[in-house]
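Trainee: According to TrEMBL, the protein has these features:
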- B:19-301: domain 'ABC transmembrane type-1' (DOMAIN)
- B:20-43: transmembrane segment (TRANSMEM)
- B:55-75: transmembrane segment (TRANSMEM)
- B:126-146: transmembrane segment (TRANSMEM)
- B:152-174: transmembrane segment (TRANSMEM)
- B:248-266: transmembrane segment (TRANSMEM)
- B:278-299: transmembrane segment (TRANSMEM)
- B:335-570: domain 'ABC transporter' (DOMAIN)
Amino acid sequence: MKNREQKVNSNALKRFQYSTEQVIEKPFNWKQMLRLFSYMKPYRKNLLPLSIIMVIINTAIRLIIPILIGVYTLDRAVVNKDTGLLTTLVLIIAGLYIVSYGANFFRIKWMNQLGQSVIYDLRKHLFTHVQNLSHRFFDQRSAGSILVRIMNDINSLQELFTNGVINLLMDVILLVGVCIILFSLSPELTLAIMVILPIMFFISTSLRRNIRRSWQTVRLKQSKLNSHLNESIQGIRVTQSFTQERENMAFFDGVNTETFESWRDASKKNAMFRPLVELTNALGTAVLIWYGAHLIQGGNISIGVFVSFAFYLGMFWEPISRLGMVYNQLLMGMASSERIFEFLDEKPIVAESSNPTELADIKGHIQFEDVVFSYDEKRTALKGISLEMKEGQTVALVGHTGSGKTTIANLISRFYDPTSGTVKIDGIDLKDVSLKSLRHQISVVLQDTFIFSGTIIENIRFGNPAATDEEVKKAAEAVGANAFIEKLPKGYETEVEERGNILSVGERQLLSFARALLANPRILILDEATASIDTESEMKIQEALKTLLQGRTAIIIAHRLSTIREADKIFVLDHGEILEQGNHTQLMELKGEYYHLIKAQFNMLNAG
Amino acid sequence: METFKKLKEFYWPFKNYFFWSMGFLLLITGITVIYPMILQITIDDVVIGGKYELIPYLALGFIGIMAVKGIGTFIHQYTGDLFGITSVYKLRNSLYEKLQFLPFRYYDNAKTGDLMSRLTADVEGFRFFLSFGFAELVRFILLIGISVSVMFYYSIPLTIVTLITLPFLAFVTFRFDKAVHPAFRGIRKSFGKLNTKVQENISGINTVKSLSREDFEINKFNDSNGDYKDKYIFTSNIWAKYFPLMEFLGNVSVVLLLAYGGYLVINGQLKPGELVAFYSLVWYIMWPIMNLGFVVNLFSQSKASGERLLEILEAENEIKEKDGSVYLERLQGDVEFKNVTLKYTEDDAEALNEISFKAHPGKVIGLLGSTGSGKTSITQLMTRFYEPTEGDVLIDGINVKEFSLRSLRSNIGFVLQESFLFSSTIKANISYGRPEATMEEIIEAAKKAQAHDFIMELPDGYDTMLGERGMGLSGGQKQRIAIARAICVNPSILILDDATSAVDMETEFKIQKALMEVMKGRTTFIIAHRISSLKHADEILVLENGSIVERGKHEQLLKNNGPYQRVYDIQYQDQKEILHSHTG
């Protein structure tokens, strides 16, 4: 019976599958480290040295105080009953504490400023770089995986840059300092106590890493659990439609149990950590008591030295522990920085020529000369296309999915470069012009209108950030979007978001038209939506299109018969080749592919 | 406290862990204070008093005691952790179960992000309190109590002088906590904003690039990025202001201790060892006090977390199965609406108004109307995703309220407007509603939904992973899988809610042809905008603002001079004109 239950359980666990980033740490790599630390360079003349000086002051004071208390205050003042010296020493110590207070204040302040500035620079660099990468980069990756690098991977370096690096310095000074001081006070006792150092190092590195790996397992399990929670909430309507609640609960219980078990293991290891550290410290103390008292008995050291030793013993663990932590941070930083640099090393495939021409105001005359294009070796999207679109014409591209319509549009915006052949606008090869000057004159209206969170007016203004409120409203009016906008609770100031339900598909489309109109491009590329919108909205969109197309070269990837019919020129594409071209009347008379396409559509409508 | 009482069922069964943890906490706190005492004995009795024969006992005894403490610490921490994670395991399962059964109405108003933050951050907050919060509070009281007692035992005046800074320290600590928590919230909020910004930018990258707005986006990003940095530096400046101050106040105690204690030793009122012991004890009191604000804050946060969790656990589910509900393996598919009115919330206008119709088994009902006219609402009442405000929904002559939900819903195949697919294989997605379906049945369903061909073209066929790490499918492909999923449960009633909106006309045509076959023997409801999808229905209901304004067959409605005819004209005139001019 039990066996069967387990089998059911393991099946239930396969119901959903989630990706989890497996590699969390990487071996140390000097080259990468140097590259990472080069981001500190801009601060090498101010924040960096200032922070270091503060750290040194602070560490020095921490090192001196135990001697002052043990050797001087206790041995010389208290034991010798010297009240005057006691007063002086107390004043000195108080003075040192005040200095340390100031140094601490600036240390925390400057170190964080330094760390955050580096993180800011790094993130800015990465984002700017990614922003300018080509379409292909985004095609190959999910939005989530890019987001993780810009946000989480960079954040995981935060601790390294704010505290890690500088603490490393502090700890080394502290550790070496303590050893030197102890040695000068009593070499024999120091050597005796040193036995605990290797144990401490072992605990701080190996054991801690072991513990950290267990926590990573916990996090992986948790992220799986959270992925499922997220998905189960988003898909709740499907689940309830198919009454799969109980089945999902079995899955969840499995994941939840996995999480629980991994957590219990990690917890067990983790709970051993502190006792072991304390026990090691206790070992040191026992050595001190035994051997130290013996030395005092022989008159080799004073009580003050003994007390100082007791204080310094307590100071061993902190730097060793932190060194272990920084080491771990470095290893984790390796993994993050590798992922970050992978993006930074990615080159835009559409690279500008070394000396690009700024494209002046274009007229919009487009020529393709024997253009071949393949997305990858296996897939040739365009097989030697030559075509011409005249200034101000409306051109329709017609064909099945995968016939090359979208590819032609992408080449005009130069989202990709042709594999061979040339694309020219007003007779200028696109390879020679600057991307910015080209794209500023082209607008693409996509099938899926992306709505940024913000107000309606901000969303329209996205087409031209410099536009005034009046211009925005005029554009909205021109495409007939103002009617629905004004019906919204706050009109143009209504807040919308990507997945919000405030706008229907048709309304989104009108918004994107307004956006494009506001951008006032010379060339307009329109990817017609196939999503069925209710007929009333469809009528409005048809009207808006007429306004939008006026006075510019327009390339329309067309599905609606009415748009196709009114186009000045129609290209019928199939598997990357142009089969027919001409206007509607010409093509209908030809009774070729186009004629069949139109007729088939009509038959479908009628046959249902 | 009310909150914790209500959540009792989740942690009280595991109370033994808690009691063990607390018992050992008492033990180890007691032992902590022994260290300074041993130091004192070593100095005063052994070194100064000359009783060197005590050394081995002291040293070995110390190690022995510390070993006991080590074991105690381990048990304390481990059982404390177990208390937290076992409770959370139970809590999570309950939350998940609750969420699985909460009605659509609940989800209409809930945001995924908000629910997720409750399920992650608030659950974690609750656990943290169970594992650490309470223990920290106890530790605080114990440590201070015992340390102060020991200090008093050594010297009352020195204790008073040394601890004179305590009130100041407590004051600074509370000021710090008051300042730092809003600042941390500021960081989190700013990070959230930055995150949203980047996410939007990447999701909308095609729009950004197509309008060539990269520079604009970079500027916006830099603002958010800068804000995050500023918020962080603002917070660390609070640290910089208070943290050294706290340490300084602790150090003032040390200075006072040295001055007055040194004076006492010189006068012979205190032994040197006692002075050294004091030096250690002072910190046992200082650290917990610096920590106090954290603990108090933890308590208030976990209380708020608990409240947010209770909001989910106590959410009302108005859709309940009756005792002795009807369970039928197979429904006939006879649907009847009797004067059904639906309001989504009290204050809303009616989403449906006095709807009545009958659909006999095997018939096809078409629903037409603009967005928000109530088409989807009608279908969602059949599956009892919502309860009608007035009127009755009957299936096979029985009120849907009488059915067990499983019996009802497993007989109704629903293709929702938005085709949500899960992170799993295509195979598992198609058989989602019937996990026991055989491979043949799955392929059969896929073929009927016109999905088989494209699935076979994918690298792993039916084993292709979908979802976050899976293949990106086009909208039309997703819709076809969703249709296959509905077909796979072999329902008596099939509901297609705008199911072919994202496919091109040709594919839609193919799907429709295939659906003809599927619809045989099932009652089918089709919601669509294209007349071509509806024209063969046995009855078409035309909706406007929640009411049926027209009903009948395609041919009847064409001559009705109503909204149906208007829509038809818009959709068809164009085509007729084009074709007539050329084929004539």
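Placed from the backbone N, Cα and C atoms, the Cβ positions cover glycine too.
On this model, are these features tucked inside or out on the surface, and what's nearby?
Mentor: Residues 20-21, 24, 27-28, 31-32, 34-35, 38, 41-42, 46 of the same chain lie 6 or more positions beyond the ends of the transmembrane segment (B:55-75) yet place their CB under 8 Å from a CB of it.
Listed as Cβ neighbours of the transmembrane segment (B:152-174) (distance under 8 Å, sequence separation of 6 or more from its ends, same chain) are residues 40, 242, 245-246, 249-250, 252-253, 256-257, 260-261, 264, 269-270, 274, 277-278, 282, 285-286, 289-290, 292-293.
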Trainee: Looking at the transmembrane segment (B:248-266) and the transmembrane segment (B:126-146), are there 3+ C-beta pairs under 8 A, with each pair at least 6 apart in sequence?
Mentor: no
Trainee: What parts of the chain pack near the transmembrane segment (B:126-146), using Cβ distances under 8 Å and only residues at least 6 beyond its ends?
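Mentor: Distant Cβ neighbours of the transmembrane segment (B:126-146) are 7, 11, 18, 21-22, 25-26, 29-30, 32-33, 76, 80-81, 83-85, 87-88, 91, 284-285, 288-289, 291-292, 294-295, 298-299, 301-302, 305-306, 309.
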Trainee: Any residues 6+ beyond the ends of the transmembrane segment (B:278-299) with a Cβ under 8 Å from its own?
Mentor: 32-33, 35-36, 39, 128-129, 132-133, 136-137, 139-140, 143-144, 147-148, 150-151, 154-155, 158, 162-163, 166, 169-170, 173-174, 176-177, 181, 246, 250, 253-254, 257, 261
